[in-house]
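Colleague: Quick paste of what Swiss-Prot says about this protein:
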- ARG78, ARG103, ASP130, PRO131, MET132, LEU133, ALA134, THR135, GLY136, GLY137, SER138, ASP199: 5-phospho-alpha-D-ribose 1-diphosphate binding site (BINDING)
- ILE193, GLY198, ASP199, ALA200: uracil binding site (BINDING)
Amino acid sequence: MKIVEIKHPLVRHKLGLMRICDISTKRFRELSSELGSLLTYVATDDLEVEIVTIKGWCGLVKIARIKGKKITVVPILRAGLGMMNGVLEHLPSARISIIGIYRNEITFEPIPYFHKLVSNINERMAMVLDPMLATGGSIIATIDLLKKFGCNNIKVLSIVAAPEGIKALEEKHPDIELYLASIDQKINKNGYIIPGFGDAGDKTFGTK
């Protein structure tokens, strides 16, 4: 599995701000979007481009254009929504597929409850968004569903991840690509990433 931990100073700075205990909902939401944007910049580095000729202000000009790449952005409800706008800044024409999964707080097992996928998803590259890769259960379940519908070109964008979750993901889906801002220390007995930044869904939506 391709794993890319982005250590750019801007990424490290913004992630540090997200870890502040009493960060406001507004600021956490802004930073989630900004990191989604920065992760997308790196994750799309291998998109093919073609040279086309357009009419510019001074006549005909040759420009580069992304070559026929169909993309679907797949935020995992609900925390993945916080990253979505930042991703769409770079990919404004991407179609959006929604997958809803919640975690059983006792067993930590993922429980899918909703999905709405774009048409012809088997022809698209999917960019899965989830700010936290803890046990890996939700992301694994999402990829299972995407592959069930024939989508095998998958990239995962997470902000923080635990080594345990990365290992589980790699064992189940070694063919995907993972882009993240930080590989943190571990997950605790409650299934949260340490140091992490707490519950990303609650911090994004202002809930408890």
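Along the chain as shown, residues are numbered 1 onward.
Cβ coordinates are placed from backbone N, Cα and C, and glycine is handled just like the others.
Help me understand the surroundings of these features in the structure.
Modeller: Packing around ARG78 (5-phospho-alpha-D-ribose 1-diphosphate binding site) is summarised by its Cβ count: 16 other Cβ atoms lie within 10 angstroms of its Cβ, all protein chains included.
When Cβ atoms from all protein chains are considered, those within 10 Å of ASP199 (uracil binding site) total 14, not counting its own.
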Colleague: How many Å lie between the Cα of SER138 (5-phospho-alpha-D-ribose 1-diphosphate binding site) and the Cα of ALA200 (uracil binding site)?
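Modeller: Cα-Cα, rounded: 14 Å.
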Colleague: For the recorded uracil site, enumerate neighbouring residues of the same chain (Cβ within 8 Å of the Cβ centroid of ILE193, GLY198, ASP199, ALA200, site residues themselves excluded), in sequence order.
Modeller: ALA79, PRO131, MET132, TYR192, GLY196, PHE197, GLY201, ASP202, LYS203
Colleague: Using ASP130 (5-phospho-alpha-D-ribose 1-diphosphate binding site) as the reference point, find which of the binding-site residues GLY198, ASP199, ALA200 has the shortest Cα-to-Cα distance to it.
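Modeller: The smallest Cα gap between ASP130 (5-phospho-alpha-D-ribose 1-diphosphate binding site) and any of the binding-site residues is with ALA200.
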